[in-house]
Amino acid sequence: MVETIFDLPVEKQIFYAVLGFSWTVYLWEAYLSYRQRRIYRTTTHVPQELGKIMDSETFEKSRLYQLDKSNFSFWSGLYSETEGTLILLLGGIPFLWAVAGSVTARFGFGPEYEITQSLVFLTLATLFSAITGLPWSLYNTFVIEEKHGFNQQTLGFFLKDAVKKFAVTQCILLPVTSLLLYIIKIGGDYFFIYAWLFTLVVSLVLVTIYADYIAPLFDKFTPLPDGELKTDIEAMAKSISFPLTKIYVVEGSKRSSHSNAYFYGFFKNKRIVLFDTLLEDYSPLNKAGESQPEQPESDETSSESKAKPKNKKQGCNNPEILAVLGHELGHWKLGHTVKNIVISQMNSFLCFSLFAVLIGRKELFVAFGFDDSQPTLIGLMIIFQFIFSPYNEVLSFCLTVLSRRFEFQADAFARGMGKASELYSALIKLNKDNLGFPVADWLFSMWHYSHPPLLERLRALGNTKQD
């Protein structure tokens with residue numbers, strides 16, 4: 001008689017179901033990526049409808065860049081899935097927990113000091129992840145990004161940055177985790193409410209302090225100099241009652257030539273951050289060997305970054321920057337930021353509520369090799385990462401669909417401000433600067449793209465700018 005999975009003990013059923021679903025998601029993602037790679041390989045000429053917005057040279061550069069990224073993603077994804085499978089099959093999680101227990105025991109802390117053991121486990125797990133991920137990150141930065149002209153980092157800068165990121169992550173992760181575990185342990189029957197409230201407060205605090213205290217540890221933030229651009233941004237913010245207090249330029253060019261812009265802050269304290277690579281008149285990448293008068297290069301920057309001369313100007317002119325910010329401020333005016341926070345917190349509350357129901361189920365722990373103990377941190381990992389994985393996949397897809405809807409609405413808001421033509425040209429420029437490939441497989445883009453494809457956004461804006 002052939003034994004099926006349903007004849008196995010319940011803990012084995014849970015284990016193989018988790019493993020099977022993980023590989024199902026991986027194969028689905030691999031299939032979608034294969035479809036998109038086929039687009040990259042076969043679309044070698046500029047489609048007719050793109051003829052007016054993209055030259056053949058840029059089209060070919062973007063095609064090769066995205067093809068390289070897709071191939072890299074395939075191999076790194078295969079490694080990641082294989083590594084995760086081996087960790088589960090070989091009992092890597094209980095082994096690391098035992099190692100953490102041995103470490104704490106050497107300092108006189110017994111099994112009753114579960115939170116201390118949890119923090120050692122977390123440190124070892126994140127260290128393992130950082131070490132195994134380092135070769136992939138190095139290859140992505142110094143082979144792919146370097147090959148296609150985006151990387152601006154030296155190896156020394158990259159490694160120092162990686163160490164700094166790891167240290168900052170531990171400084172935040174360990175205290176937050178210890179407090180969360182403590183709240184769960186002393187919270188009684190309603191611990192899930194207190195745990196949810198705690199994570200809500202932590203997330204709001206991190207959002208508030210990130211750009212002021214955390215991001216400056218990695219990048220230089222400089223107030224946007226007085227001038228026409230600053231005056232126009234302040235006037236635009238005032239016209240829609242956006243409570244703008246400061247405008248910063250971040251020196252993103254010392255690590256990459258990719259560009260971005262965002263705003264942050266709560267209530268009456270909003271700040272706007274512009275990457276220097278976004279600003280045509282500000283980016284050092286447009287100044288072959290020249291120093292910036294507004295922002296002199298420090299010795300550290302000159303030795304650790306390598307601004308490369310470009311054949312053509314990067315970034316957007318002032319009217320286009322205003323159009324991009326009109327789009328970003330549209331997200332605020334239309335309540336997209338608040339809606340995303342509400343959805344996130346509703347999801348968080350739901351997950352903690354279900355966690356409260358499941359944490360007492362011993363078979364969940366036995367399924368992953370914990371026969372004699374039920375550590376809270378391990379329970380969080382098993383339930384949030386493994387048991388909730390089907391729900392997380394569905395939620396992720398729904399949020400992707402919602403994000404695309406929000407992007408169209410923000411574009412329409414900028415158009416309503418009379419900036420359709422400038423946003424139209426800005427989107428084309430940014431797509432060229434970042435070597436975005438404008439042709440996408442419909443299924444791949446539907447599943448992955450949080451922003452609509454370029455052509456769809458341009459069509460929605462209308463043909464207000466023909467060239």
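For all residues, glycine too, the Cβ spot is worked out from N, Cα and C.
TrEMBL does not curate its annotations; it predicts them automatically.
Annotated features in TrEMBL:
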ACT_SITE  E328  active site
ACT_SITE  D411  active site, proton donor
BINDING   H327, H331, E407  Zn(2+) binding site
DOMAIN    36-220  domain 'CAAX prenyl protease 1 N-terminal'
DOMAIN    224-463  domain 'Peptidase M48'
REGION    286-315  region 'Disordered'
TRANSMEM  14-32  transmembrane segment
TRANSMEM  86-107  transmembrane segment
TRANSMEM  119-139  transmembrane segment
TRANSMEM  166-184  transmembrane segment
TRANSMEM  190-211  transmembrane segment
TRANSMEM  349-370  transmembrane segment
TRANSMEM  376-402  transmembrane segment
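The Zn(2+) site is defined by H327, H331, E407, and by the 8 Å test on Cβ atoms against their centroid, the other residues of the chain that qualify are E328, G330, H336, F406, Q409, A410, D411, F413, A414.
For the recorded positions listed here (E328, E407, D411), the lowest count of other CB atoms within 10 A around the CB belongs to E328.
Between the C-alpha atoms of D411 (active site, proton donor) and H327 (Zn(2+) binding site), the distance comes to 5 Å. Reported as a whole number, the C-alpha separation between E407 (Zn(2+) binding site) and the residue listed as 'active site' equals 9 Å. Outside the transmembrane segment (86-107) by six or more residues, the chain places 15, 18-19, 113, 116-118, 120-121, 124-125, 128, 368-370, 375, 378, 381 with a CB less than 8 A from a CB of the stretch. Remark: the transmembrane segment (14-32) contacts the transmembrane segment (376-402), by the rule of 3 or more CB pairs under 8 A.
The binding-site residues H327, H331 differ in how many other CB atoms lie within 10 Å of their CB, and the one with the most is H327.
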